[in-house]
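First up is the structure itself, then whatever we jot down about it.
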Amino acid sequence: MDIPQADLDLLNEKDKNELRGFISNETQRQRVQGQTHALTDSCWKKCVTSPIKTNQLDKTEAVCMADCVERFLDVNLTIMAHVQKITRGGSK
């Protein structure tokens, strides 16, 4: 989102901070949405290997999708915990 500097200069500090917060929130929302789409695509390609015949996944596909999502979330939580530990000064 590019806003001309001349337009930004017209805003007071409160409005500038509010705009920065809005842009930050929208950027974060887009990242989460992008990760969700990537996860869905990855797990779908891994788990749904046969033609779709009904409006529901079969039991094997449903279990595979659930496991795939859980694994993704577990890995992300582990990585986030490790990064937080590193930023706090710990190396293990």
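Using the three backbone atoms N, Cα and C, a Cβ is placed for every residue, glycine included.
Across the motif 'Twin CX3C motif' (43-68), DSSP classifies residues as 15 helix, 0 strand, 11 coil. Positions annotated as motif 'Twin CX3C motif' by Swiss-Prot: 43-68.
Here Swiss-Prot flags Cys43-Cys68 (among others) as disulfide bond.
In this view, Cys64 (disulfide bond) is surrounded by 18 other Cβ atoms within 10 Å of its Cβ, with every protein chain counted. According to Swiss-Prot, the feature disulfide bond maps to Cys47-Cys64 (among others), an assignment based on similarity to another entry.
Each residue in the motif 'Twin CX3C motif' (43-68) has a pLDDT score, and their mean in this model is 93. Non-local neighbourhood of Cys43 (disulfide bond): Cys64, Met65, Cys68, Val69, Phe72, each in the same chain, at least six residues away, with C-beta under 8 Å from its C-beta.
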